[in-house]
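Enquirer: OK, Swiss-Prot features for this one:
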type     : residues      : note
TOPO_DOM : 1-514         : topological domain 'Extracellular'
CARBOHYD : Asn8          : N-linked glycosylation site
CARBOHYD : Asn22         : N-linked glycosylation site
CARBOHYD : Asn38         : N-linked glycosylation site
DISULFID : Cys52-Cys277  : disulfide bond
DISULFID : Cys64-Cys76   : disulfide bond
DISULFID : Cys97-Cys139  : disulfide bond
CARBOHYD : Asn165        : N-linked glycosylation site
DISULFID : Cys281-Cys305 : disulfide bond
CARBOHYD : Asn285        : N-linked glycosylation site
DISULFID : Cys473-Cys477 : disulfide bond
CARBOHYD : Asn483        : N-linked glycosylation site
TRANSMEM : 515-535       : transmembrane segment
TOPO_DOM : 536-550       : topological domain 'Cytoplasmic'
LIPID    : Cys539        : S-palmitoyl cysteine
LIPID    : Cys546        : S-palmitoyl cysteine
LIPID    : Cys549        : S-palmitoyl cysteine
Amino acid sequence: QDLPGTDNSTATLCLGHHAVPNGTIVKTITDDQIEVTNATELVQTSSTGKICNNPHRILDGRDCTLIDALLGDPHCDVFQDETWDLFVERSNAFSNCYPYDVPDYASLRSLVASSGTLEFITEGFTWTGVTQNGGSNACKRGPANGFFSRLNWLTKSGSTYPVLNVTMPNNDNFDKLYIWGVHHPSTNQEQTNLYVQASGRVTVSTRRSQQTIIPNIGSRPWVRGQSGRISIYWTIVKPGDVLVINSNGNLIAPRGYFKMRTGKSSIMRSDALIDTCVSECITPNGSIPNDKPFQNVNKITYGACPKYVKQNTLKLAIGMRNVPEKQTRGLFGAIAGFIENGWEGMIDGWYGFRHQNSEGTGQAADLKSTQAAIDQINGKLNRVIEKTNGKFHQIEKEFSEVEGRIQDLEKYVEDTKIDLWSYNADVLVALENQHTIDLTDSEMNKLFEKTRRQLRENAEDMGNGCFKIYHKCDNTCIESIRNGTYDHDVYRDEALNNRFQIKGVELKSGYKDWILWISFAISCFLLCVVLLGFIMWACQRGNIRCNICI
């Protein structure tokens, strides 16, 4: 189908943009559903199912908890002096020594996990007048009775248990972590059999702190053949400070100290397989890529990870507004520029030209405007990732039953943070999408205005993204318009002449329509006059009588 007004002396040039048959729906600030030619998913919703051991050093706890490894449970001796970035605790971990409790378990676990090491230094504590290295059949080390390797169970020597008063200064330039404990016998008889005194006492102090523990004698549920318990405590001694231990019984003494380090190490509960692979981000479900700014896999993370959000999907537009082409038009059909719809099949650019002239029809992309849009869009994903991904980890939180209110508050804070990030993510993506669409629309308008300024009075804006060129414009001429070298002065006289001729024809065609309407109106008027005259004549002759009743 030829374009209106197109012959050898004129041409038509349309500007358009890329379109696809089925676009992607995204959200903007002004519209919840707008179709674009291309978009990328911003939310990571799945993990690899395995924990990668690179670049982070992963220590598999296997059947040991971190605290059991710290104390020196016989079946955890393999972890002595180990280091890690992430300690992975398994659900099948168990204790296999004398039953114990840690009143401040969560704090100790977190402290040791963040230190990233079980490096232990033995010190020469002097325990005079007592028996050292006590053991239990609940804590077998091989065939013999044993005990936690990092602790020293002190009992009576003969029939005496003297008051112990031991000091240990910290002359180093780092913090030292001392682990110690108090034994709670199950009966009074067991108390006197082990420590002579009917009631013991343990006091551990530094210049900054002091703890005094009185044993609670009484039977408890049997665990590994024992109804007694050991309570584990810990003390940090700063450089220049002194550790003082005073006791008259029931002391589970330290054998030395753990060297504390500061760092980004952590701990995570997971049953995911540890494999040889590379991933910066780890969750209990397994490692996940961090090439997206958001994730919906797990709230608990370690490493450089996407932010956790509630949404399962957030689409970032990386293409322009999509207006699918009407397929019934052919190449030009009834002339469709960018104002009416987009063009499919533009594989070499986002913006371009279609023309029809004496040499036929053609299409070409405008690489300059395409590149301008792409350059501004390409960095969007990286910029969003930079705003959201950080070198941080979200650790698990544990609280004892008596800290229930603190746990509720912590959960509320975490849920609020997730709500805020989910909202921020929604707004951030909507803003970026709005900017992308406005940007691509702007580049189309810039190209159209640039073409209009070149053609000037040599062409007429047809109102739909096309120009009618009023001079002969072969393919070389069309190319000069596309590349910006068109000289309108060269074609001005020809264009003016052709414009007057074409407008004149259109004007004459318009006069015919006016004449027809005027003739029709005059004919109707004359018919009415004749009819009225006949009625008046008939009334005068008496052939027609007209009665008017009031």
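Placed from the backbone N, Cα and C atoms, the Cβ positions cover glycine too.
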Enquirer: Please report how many Å separate the Cα atom of Asn285 (N-linked glycosylation site) from that of Cys305 (disulfide bond), as a whole number.
Expert: 13
Enquirer: Spatially, and counting Cα to Cα, which of the recorded positions is closest to Cys76 (disulfide bond)? Options: Asn38, Asn165, Cys473.
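Expert: It is Asn165, whose Cα lies nearest.
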Enquirer: When you tally the Cβ atoms that lie within 10 Å of each candidate's Cβ, which of the glycosylation sites (Asn22, Asn38, Asn483) has the highest tally?
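Expert: Ranked by Cβ atoms within 10 Å, first place goes to Asn38.
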Enquirer: Near Cys52 (disulfide bond), which of the recorded positions Asn8, Cys97, Asn165, Cys281, Cys305, Cys477 can be found within 10 Å, Cα to Cα?
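Expert: For Cys52 (disulfide bond), the recorded positions whose Cα atoms are within 10 Å come to Cys281.
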Enquirer: Which site among Cys97, Cys139, Cys281, Cys305 has the most other CB atoms no more than 10 Å from its CB, taking these as disulfide-bonded residues?
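Expert: The residue with the densest Cβ neighbourhood is Cys305.
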Enquirer: How far is it from Cys97 (disulfide bond) to Cys64 (disulfide bond), counting Cα to Cα, in Å?
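Expert: With distance taken Cα to Cα, Cys64 (disulfide bond) is 12 Å from Cys97 (disulfide bond).
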Enquirer: Among the recorded positions Asn38, Cys139, Asn165, Cys277, Cys305, whose Cα is within 10 A of the Cα of Cys477 (disulfide bond)?
Expert: none
Enquirer: Give me the CA-CA distance between Cys305 (disulfide bond) and Cys277 (disulfide bond), in Å, as a whole number.
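Expert: Approximately 16 Å lies between the Cα of Cys305 (disulfide bond) and that of Cys277 (disulfide bond).
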